[in-house]
Amino acid sequence: MVSRVIPVDRFDLVIFGATGDLANRKILPGLYRRALAGQIPDGSKIIGAARTEMGAEEFRAQVKAAIREHVEPAKIEASAVKDFLAMLDYVAIDAKGDGGWDELKTKVRPDAVNAFYFSVAPALFGDLAERLHSRGIAGPDARIVVEKPFGRDLKSAKALNRELAAHFDEAQIYRIDHYLGKETVQNLMAVRFANILFEPVWNAQFVDHVQITVAETVGVGGRGSYYDKSGAMRDMVQNHMMQLLCLIAMEPPYHFDPDAVRDEKLKVIRALQPVAPQDIVRGQYLARGDEAGYLEDSEDPNSKTESYIALKAHVANWRWTNTPFYLRTGKRLRARTSEIAITFKEPPHSIFDEAEGEWRENVLVIRLQPNEGMNLKMMIKEPGPGGMRLVQVPLDMSFAEALGEEADITDAYERLIMDVIRGNQTLFMRGDEVEAAWAWTDPIIEGWEARGERPQPYDSGTSGPDDALMLMHRDGRRWREIRE
Ligand code: NAP
């Protein structure tokens with residue numbers, strides 16, 4: 001199967017923060033890959049903006065180096081790189097200053113799709129929005145893309161929403177959560193809502209529990225003081241994991257339409273119960289060999305910020321009452337992996353004796369990384385003449401194999417930026433969703449802060465703190481192994 005590349009309309013994309021890490025590692029290499037794939041029409045322009053004074057040629061040299069560093073060598077084609085660099089331009093602008101805006105205005109054409117990517121600290125979102133609007137650069141059809149973190153609690157998220165809403169309609173605001181751009185995540189909606197097979201069993205009657213795991217092997221070294229103000233709950237659970245939970249738990253939208261999908265996700269977030277303290281485990285990784293522990297990395301020897309969190313969440317509605325959702329995420333764990341596992345219940349009656357093999361539950365595993373794909377663990381008869389013996393086997397579908405080359409290269413950022421140009425907000429968080437997610441998260445964080453709790457230390461390279469195992473053991477369940 002070969003995936004199709006559908007070109008978008010001609011656009012002018014302004015990237016604020018074009019000299020920064022995200023722009024150089026993800027956004028610009030991603031745009032190059034889309035250009036190489038033939039998705040970007042001739043005449044489109046990508047305009048870098050940041051405070052650094054430089055000309056367009058210097059910016060092109062920077063982007064050329066970024067492509068060399070971050071695009072796989074097989075995708076670097078001299079003529080494609082040349083064509084891509086020819087699309088680039090640069091304007092030196094301080095988000096808080098007055099210089100550069102008139103020049104930018106001359107470069108953004110009203111007859112192309114206009115998009116403005118705020119790849120800068122959230123403290124600058126309001127300044128950028130105000131200037132783009134007041135100087136007549138962004139018209140009513142322009143789109144703005146904002147990066148995470150979108151606030152650090154409900155109050156700050158509301159303030160950011162207000163700052164943006166003062167100048168842009170909600171329909172123009174694209175809040176990026178790159179997890180939503182992953183092939184598998186979108187496929188989750190296709191699997192649930194384009195097949196009759198799963199939906200009838202997608203509820204508390206048939207699903208025993210759901211596990212969502214996002215495990216990283218890296219620590220926070222290098223950005224420790226930034227991470228220390230955030231922690232795993234704010235950095236991963238409130239946004240990425242919450243979005244995954246929503247896609248698993250939501251009701252079928254009446255149509256695959258941005259607001260219909262986001263309305264259903266919002267209902268899930270609002271149905272989340274407060275989490276009891278005994279259903280939360282927080283951890284901090286310890287040093288290993290010459291790798292520093294969290295307390296050294298964070299530069300605060302007394303830090304109480306968690307680099308690991310596991311918690312049990314409940315969605316209080318008809319579909320999910322009594323089906324727990326176990327979420328865990330952490331740094332310096334055994335392997336780098338992200339997956340959602342839906343574990344189904346036992347059949348109501350077994351016609352097989354124990355001698356015929358041990359029954360194991362059906363599990364639908366949705367892998368986000370590495371090797372995006374799905375896998376359904378099923379019981380079958382062991383092949384061969386040895387009589388009836390049951391074994392559990394995975395029905396495996398790796399998207400890279402199923403879809404050919406294109407499947408594993410379309411990075412989430414690339415897909416999401418193309419959606420911005422198309423004007424499709426389905427995979428972007430709406431303002432009320434973000435606020436509802438913080439409204440659930442805030443009391444959890446306030447709870448452990450009020451109790452003065454310290455995270456439990458855990459050894460690097462393991463599955464996290466022991467208490468996290470107990471969180472499931474006490475319910476007679478266990479975590480899936482963390483492995484690639
Ligand atoms: P970064 O490397 O520190 O880059 C920040 C960018 O903002 C630079 O281009 C900087 O350029 C520009 N900038 C700073 N102050 C400015 C001002 N007053 N006016 C105009 N431009 C200004 O940060 P980053 O890692 O790229 O992250 C950018 C945003 O994405 C942040 O909100 C971050 O939280 C978010 N994010 C990043 C990642 C990631 O992997 N890096 C992942 C998810 C989200 P000058 O100094 O030249 O002005």
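Cβ atoms are placed via backbone N, Cα and C, with glycine included.
As given in TrEMBL:
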type	residues	note
ACT_SITE	His240	active site, proton acceptor
BINDING	Arg51, Lys148	NADP(+) binding site
BINDING	His178, Lys182, Glu216, Asp235, Lys331	substrate binding site
DOMAIN	14-187	domain 'Glucose-6-phosphate dehydrogenase NAD-binding'
REGION	450-469	region 'Disordered'
Nearest recorded site to His240 (active site, proton acceptor) by CA-CA distance, among binding-site residues Lys148, His178, Lys182, Lys331: His178
Residue numbers, six or more beyond the limits of the region 'Disordered' (450-469), whose CB comes under 8 Å of its CB atoms: 217, 219, 277, 281-288, 291, 293, 304-308, 310, 328, 330, 332-334, 478-479, 481-482
Where the C-beta lies under 6 angstroms from ligand 1, the matching recorded positions among Arg51, Lys148, Lys182, Glu216, Asp235, His240: Arg51, Lys148
Residue with minimal Cβ packing [other Cβ atoms within 10 Å] among the binding-site residues Lys148, Lys182: Lys148
Rounded inter-Cα distance in Å - Arg51 (NADP(+) binding site), Glu216 (substrate binding site): 33
Cα-to-Cα gap, Glu216 (substrate binding site) vs Lys148 (NADP(+) binding site), nearest whole Å: 18
Other CB atoms within 10 A, centred on Glu216 (substrate binding site): 19
List of residues, in chain order, with Cβ under 8 A from that of Asp235 (substrate binding site) and at least 6 apart: Pro149, Tyr227
In three-state DSSP terms, the structure that Asp235 (substrate binding site) belongs to: helix
For His240 (active site, proton acceptor): DSSP state (helix, strand, coil): helix
Number of helical, extended and coil residues in the region 'Disordered' (450-469), per DSSP: 5 helix, 4 strand, 11 coil
Cα-nearest neighbour of Lys148 (NADP(+) binding site) within the listed binding-site residues, His178, Lys182, Lys331: His178
Tertiary neighbours of Lys331 (substrate binding site) (same chain, Cβ under 8 Å, six or more apart): Glu216, Thr217, Val218, Gly219, Val220, Ala232, Tyr285, Tyr294, Ser307, Tyr308
